[in-house]
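As recorded in Swiss-Prot, the features of this protein are as follows:
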type     : residues                                                                       : note
CARBOHYD : ASN30                                                                          : N-linked glycosylation site
CARBOHYD : ASN49                                                                          : N-linked glycosylation site
CARBOHYD : ASN150                                                                         : N-linked glycosylation site
CARBOHYD : ASN197                                                                         : N-linked glycosylation site
DISULFID : CYS278-CYS290                                                                  : disulfide bond
DISULFID : CYS284-CYS298                                                                  : disulfide bond
DISULFID : CYS359-CYS381                                                                  : disulfide bond
DISULFID : CYS363-CYS369                                                                  : disulfide bond
CARBOHYD : ASN366                                                                         : N-linked glycosylation site
CARBOHYD : ASN397                                                                         : N-linked glycosylation site
DOMAIN   : 461-742                                                                        : domain 'Protein kinase'
BINDING  : VAL467, GLY468, HIS469, GLY470, GLY471, PHE472, GLY473, ALA474, VAL475, LYS490 : ATP binding site
ACT_SITE : ASP585                                                                         : active site, proton acceptor
REGION   : 767-797                                                                        : region 'Disordered'
COMPBIAS : 784-797                                                                        : compositional bias 'Low complexity'
Amino acid sequence: MPCTTYLPLLLLLFLLPPPSVQSKVIIKGNQTILSFKAIFRLGFFSTTNGSSNWYLGISYASMPTPTHVWVANRIRPVSDPDSSTLELTSTGYLIVSNLRDGVVWQTDNKQPGTDFRFSETGNLILINDDGSPVWQSFDNPTDTWLPGMNVTGLTAMTSWRSLFDPSPGFYSLRLSPSFNEFQLVYKGTTPYWSTGNWTGEAFVGVPEMTIPYIYRFHFVNPYTPTASFWYIVPPLDSVSEPRLTRFMVGANGQLKQYTWDPQTQSWNMFWLQPEDPCRVYNLCGQLGFCSSELLKPCACIRGFRPRNDAAWRSDDYSDGCRRENGDSGEKSDTFEAVGDLRYDGDVKMSRLQVSKSSCAKTCLGNSSCVGFYHKEKSNLCKILLESPNNLKNSKGNISKSIIILCSVVGSISVLGFTLLVPLILLKRSRKRKKTRKQDEDGFAVLNLKVFSFKELQSATNGFSDKVGHGGFGAVFKGTLPGSSTFVAVKRLERPGSGESEFRAEVCTIGNIQHVNLVRLRGFCSENLHRLLVYDYMPQGSLSSYLSRTSPKLLSWETRFRIALGTAKGIAYLHEGCRDCIIHCDIKPENILLDSDYNAKVSDFGLAKLLGRDFSRVLATMRGTWGYVAPEWISGLPITTKADVYSFGMTLLELIGGRRNVIVNSDTLGEKETEPEKWFFPPWAAREIIQGNVDSVVDSRLNGEYNTEEVTRMATVAIWCIQDNEEIRPAMGTVVKMLEGVVEVTVPPPPKLIQALVSGDSYRGVSGTSCSEGHGCSDLNTGLSSPGSRSSFGRPSP
């Protein structure tokens, strides 16, 4: 009977709907939530003081200047932060709302969530009852790509509209599974930069990603529609935390990668693409002029002004420029030649077969005409009926010589940056005639000649014979006026210092004289031009001899002499000058060879000369990341030991007669196509430490080398590339080690490149994924140093 009495009640309980999940306010007003380890903070923020626009976002928690990595309501800001909330609704969604604006943002999860997690990686995750994610911020990024964030073909990182406006901008980073590459895209449709195809080891256009201590990359299911890509940053050792790093699509359309420097408490730009801002599609807008030589990339030509002054001041140039005196079509309009320029995209045109004067007359009579260009030989006239975008100087064979319609009311309007600069600088030139004479007298004491830009332009035949290009600028071969002596003229790009600072540093460099340093003969510091004139080195740079397919072959005797001479030159910079000079860019391209193949170190002092900070120095090392010491990335202070590391990497290349990083295995010899040899240092380190030095030596030498010198030089190289800068020898000691004055023992294996040899791939295609709650594989150390010591001496200091 009791069972009969309670049975209907039990049935009733089963028939009732489950209790609803109660709504939960997660954040209200100025409240914040910290992630595990307090690395990230979730809360409301405003980009400027006094702004009425507030956003829910994720930022780094402990930094003096807020750095936002994700924004929820980037399209609809809230205006009343005090009543604004982040809430988990009873229906299982995350929403941002307030009393005044209502719901301004909501997650789009397909299944209801019951709770949330805020991970130490900066990922906001909505989970269900069994803890599985139903939505996460990593799948819905804004402009930032964090370590551990899995990028698919459905994921896009879109820039902010401007520095202070988080709303979606014009530029996005996307993974294209069909092309197996990342692309930077303008307005979702126009690609303007790509990484190139995935080779199984790296993207073709980004060889630096193969350096093991910077990232660990994983490409899952490449060449398929479900392809995904993610990365992590391994710690430098077993006790330190991984470096804070992030990729960001800037509002200016460049993809940048930053690392955090705990010493200076600031972000350092480690990498960016495209390097030339003028390659960014439509950066300067209609009738805006783009030049990488300006302090800011975009300018309006005289006679034009920004359409949006406020946006222009905040580095948003997308609205472009307009005529100062209204639209074209007035009787007072006239024409001025722009010169050979190119522009982005297509422009609506009308084609005619008329003379130049008739072409101009036709344009002037058409209210829609912006300008024209005319080909004299064929009388081809093209009338521009739309304003061209992102004007820039023409390069190569693509040239569109445009004549723009300008109004002359109030001023002489000349559209053409090449014409504008002399007009701006006329007043300055009179003042500098007097100072140049004083400069010539002062620098003559240092045997430095002060050149005019016109003199160097003439000496290089209009900068026509380009013999090299480095991070600091292009190098041209020339002949000094009234002489048959060849010189190398380096035209510096993006000068970072004022004229007085530039001349002071030139004075310092000119005072440095050493047989293994390239001699500075003179310079030019005129207007925006910064040029350095060096002795010309007829045998070129060491880099031209480091290819197995090159017909040039250096004997072992020459290689050893180059190594010793380079070491002496660097040691003089570190220890022989009044002020220690850290080169910051030791690599084969900066080791030049005179007619007798003696080594001459070039580009010394340029990092300081151009005001290069961490970001700008590393920006010069595009394609040469194999020489960058770990402390560049870890945030430790940069000392002379950074040059020692780079020198050690260069020694390995000199011994092997090849580059350290080779993405395309076709450039290797037939016997050297093993997968591990795509990155030479870890394999070479293992062979050298285990006593198999002969296997590392350039096979083209056919055994014609001094075994004792090879062993000594190879062992010194491994000492130089130690992870811990404290156990790397000073350059003065390196010289003595190479000379045989200081004996050398077998060094410990470098831990960072050791991880690569152990089989923990940084280059291959991974079949695993890195998900929340499951740590990505750690660095392994599978290479141990032999117990026996070398027969030639004590450990080096």
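Placed from the backbone N, Cα and C atoms, the Cβ positions cover glycine too.
Note on proximity: of the recorded positions ASN150, CYS284, CYS359, VAL467, VAL475, the one nearest CYS278 (disulfide bond) is CYS284, by Cα distance. Counting only the Cα atoms, the space from ASN49 (N-linked glycosylation site) to the residue listed as 'active site, proton acceptor' is about 41 angstrom. Fewest other C-beta atoms within 10 Å: among the glycosylation sites ASN30, ASN150, ASN197, ASN366, that description fits ASN30. Of all the recorded positions in the record (ASN150, CYS290, CYS298, CYS359), the one with the smallest CA separation from VAL475 (ATP binding site) is CYS290. With respect to Cβ neighbours within 10 Å, the disulfide-bonded residues CYS290, CYS381 differ, and CYS381 shows the lowest count. Within 10 Å of the C-beta atom of HIS469 (ATP binding site) sit 14 other C-beta atoms, taking all shown protein chains into account. Ranking the recorded positions CYS284, CYS298, VAL467 by the number of CB atoms within 10 A of their own CB puts CYS284 at the top.
For the recorded positions ASN150, CYS359, ASN366, CYS381, HIS469, ASP585, a Cα to Cα distance of within 10 angstroms from CYS284 (disulfide bond) holds for none. In this structure, the C-alpha atom of CYS369 (disulfide bond) lies 43 angstrom from that of VAL467 (ATP binding site). The average pLDDT computed for the domain 'Protein kinase' (461-742) is 83. Around CYS359 (disulfide bond), the same-chain residues at least 6 positions away in sequence with a Cβ under 8 Å from its Cβ are LEU352, PHE372, HIS374, CYS381, ILE383.
Closest to VAL467 (ATP binding site) by Cα-Cα distance, out of the recorded positions ASN150, ASN197, CYS290, CYS363, ASN366, is CYS290. Neighbour count (other Cβ atoms within 10 Å of the Cβ, all protein chains): 26 for ASP585 (active site, proton acceptor). Under the three-state DSSP scheme, CYS359 (disulfide bond) falls in the helix class.
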